[in-house]
Structure formats: C-alpha cells, structure tokens
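Undergrad: One structure, as structure tokens, below. Some questions next.
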Amino acid sequence: MRVSQSLVPFAIIALVLSFVNAYDPSPLQDFCVAIDDLKGVFVNGRFCKDPKRVDAKDFFFSGLNVPGNTNNQVGSNVTTVNVDQIPGLNTMGISLVRIDYAPHGQNPPHTHPRGSEILVLVEGTLYVGFVSSNQDNNRLFAKVLHPGDVFVFPIGMIHFQVNVGKIPAVAFAGLSSQNAGVITIANTVFGSNPPIYPELLARAFQLDASVVKELQAKFGSI
C-alpha cells in the first residue's frame, strides 16, 4: 500500500505545527544527542553525546514509508519515531508516528501523559475523538476524517481512532514531546502488574467481579 504523494505535505505540516506548543523543556545548546553513557551530561532524562562526535545519522530515521503489520488483536500498528529512534530529538520537544489501520482496526482508547497530538489522515476513513475531563462533564469531541483532514488531541485526554472504511487507512501524527508516552486504558486497568483488586474494579465499573476477573485474565496475558 502506497501513501499518495500529494498528501505527504499534510503530514509535514502536522509535524511542523506540533513545534508550536512543545511541552519538553527548551534546550540551552544547539543539540543534545541522547547517548547511553554515564560519563555524559544529563539533560531532559538523557545523557548528551559529545557534540564533536555528533553526525547526521543522529538526526535521521528511515522507514516511515513501510506499512506496519496490523495482524493483531486491535487491527492497527503504530510506528514510533521518538528519541529512542532518533537520539537527536532529545530536548527538541517533538516526535512523530505513523499509524496503520486494517479495515475496522482501531487505535484503542489511550492517553499521552507528556504531549498533545496532531493527526493527519492520508489514506482511508477514520472515526476519531477524545473525551474531556470530569470538570468538563466528560464531553466527547469526535469527527469522521477523510484524506487530508487533521484532528488535534489535547495532552492527557483519552482519545481513539477507528477505521470505519472498507480499505486500510494510514495516518501520521506529530506529538509535542520527544517521548510523549502512552497509556492504553484497557491494558492499564485490567492488565496491571500486579492486578488491581477485582472487587475495586467491579464497583468502579459497575460490573460483576467474575467479569472483571475474566477481563484481567484476558489483558494480563497480552
């Protein structure tokens, strides 16, 4: 599957726009290429590589043209390009992902605790949305996206995407952190290690404890 070349600029715009409100601390030097070396200078959660040893490969990644494998339980695949893939992103306050969706596949409800997200759809049809906080009465903000459409997910809000079309879908998203993190709600609540007390979850979700135990057995094995 090939992404239309005419839509690639939208992905680039999405990433550029994510620069505006980066949540990571601003750097005080040209760059701080991340390195696993305890002798380095510790900046923003990473040690800095000696600037004299930095080269172009520290700012490079190849592979976002390759579709991810969506043959899994949720029917989607996220290819992440953050500070772990590009060490030069350290202190830059940005990262990028490619998301592939099989027909009816989804990126299930999740949050990014350290960054907001701006997503551009380049192929297929997605139903996307986020839910606001308790103080805002948990309102759902959702739209059906078509190629070229853009949607923003505020930092920390539970959000999702699902492919409602008959063909595979592809999206790119920029995040306002070098490592925005991800908390998948179902996996976190029902697949924690060690498990949360079933009785607590049963009351919280108004479910029978046996249902909770079944969910914990399912998600605990993922």
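The first residue you see is number 1, and the count goes up from there.
Note: Cβ is positioned from N, Cα and C throughout, glycine not excepted.
Sequence annotations record features per position, and here Swiss-Prot assigns disulfide bond to CYS32-CYS48 based on similarity to another entry. Positions annotated as domain 'Cupin type-1' by Swiss-Prot: 62-213. The N-linked glycosylation site annotation in Swiss-Prot covers ASN77. Per Swiss-Prot, the feature signal peptide maps to 1-22.
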Undergrad: So what sits near the residue listed as 'N-linked glycosylation site' in its own chain, CB-to-CB under 8 Å and at least six residues off in sequence?
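TA: The residue listed as 'N-linked glycosylation site' has long-range Cβ partners PRO67, GLY68, ASN69, THR70, ILE99, ASP100.
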Undergrad: With the cut-off set at 10 Å between Cβ atoms, which of these disulfide-bonded residues ends up with the most neighbours? Options: CYS32, CYS48.
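TA: Selected residue: CYS32.
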Undergrad: When DSSP is mapped onto helix/strand/coil, what comes out for CYS32 (disulfide bond)?
TA: coil
Undergrad: What average pLDDT does the predicted model assign to the domain 'Cupin type-1' (62-213)?
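TA: Looking only at the domain 'Cupin type-1' (62-213), pLDDT averages out to 97.
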